[in-house]
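Only one structure is covered here, and it is reproduced in the block below.
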């Protein structure tokens with residue numbers, strides 16, 4: 001079972017498809033005028049399913065700031081999760097997808113032939129809607145990606161695992177039970193374990209796709225508190241269906257509607273002084 005998980009993990013971290021990223025297109029490797037206060041700059045991005053027959057994103061242009069929490073809001077099917085997956089090329093796990101445009105991460109074009117998918121997925125970690133602990137011990141869950149990178153030294157592993165679990169506000173709850181199976185943890189603990197597993201690789205960015213949607217209010221509160229602490233070290237980009245959550249935790253908010261960015265800016269401005277009618281209608285519950 002462990003070997004099978006390792007093979008799947010390696011495939012997940014490094015896999016690409018020939019059609020999805022359209023790497024035959026000539027792209028600029030670097031963006032010379034990249035703003036150092038940003039972590040991502042996205043330019044003229046369009047994304048398609050079904051070999052171009054179904055367009056999911058339209059002409060997306062967006063700058064995402066470093067060490068901020070940026071929330072993506074909008075109705076179901078508006079493109080926010082699709083866009084999130086593009087930021088670490090997870091879209092390439094889906095067949096028959098294609099896109100045009102550019103995504104720059106720390107000046108580099110992530111779809112350039114020179115950019116390593118493995119390096120990107122280490123630097124831009126992902127936490128999914130449903131907690132995904134591996135069926136192994138708590139310790140081995142956090143150690144898994146480290147060992148996959150070739151780290152075998154027990155002292156380094158122990159130190160990194162403790163640091164990661166502390167950063168995920170989980171250490172005090174599990175420090176005496178590190179050999180227990182991870183799937184026996186509560187839902188909220190499992191999600192924090194997945195966050196610990198992601199930050200063990202020392203990423204710059206954490207992508208979170210509705211990380212609290214399956215959790216109770218108490219577990220949700222703990223995750224939100226954790227996000228506020230983590231933004232001191234990481235850039236966090238979160239998809240949420242909860243406008244209240246976006247207001248509580250995010251510095252910047254991006255409103256998607258029918259595959260387009262309608263409005264983005266400081267969260268207070270989006271919710272208190274929206275410029276666009278569609279934004280006002282969504283926030284006030286008139287569209288959804």
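Cβ from N, Cα, C; glycine included.
Per Swiss-Prot, the features are as follows:
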BINDING   74, 75, 76, 77, 78, 79, 80, 81  ATP binding site
DOMAIN    42-283  domain 'ABC transporter'
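A 10 Å cutoff on Cβ-Cβ distances gives residue 74 (ATP binding site) a total of 26 other Cβ atoms nearby, all chains included. Cβ contacts within 10 Å of residue 78 (ATP binding site), excluding its own Cβ and spanning all protein chains shown: 22. Around the Cβ of residue 76 (ATP binding site), the number of neighbouring Cβ atoms within 10 Å comes to 8. Taking each Cβ in turn and tallying the other Cβ atoms within 10 Å, the top scorer among the binding-site residues 75, 77, 79 is 79. Here the domain 'ABC transporter' (42-283) returns a mean pLDDT of 96 for the predicted model. Excluding 74, 75, 76, 77, 78, 79, 80, 81, which define the ATP site, the same chain contributes 82, 256, 257 within 8 Å (Cβ to the Cβ centroid), listed in sequence order. Every protein chain considered, the tally of other Cβ atoms within 10 Å of the Cβ of residue 80 (ATP binding site) stands at 26. Of all Cβ atoms in the protein chains displayed, 20 besides its own lie within 10 Å of the Cβ of residue 81 (ATP binding site).
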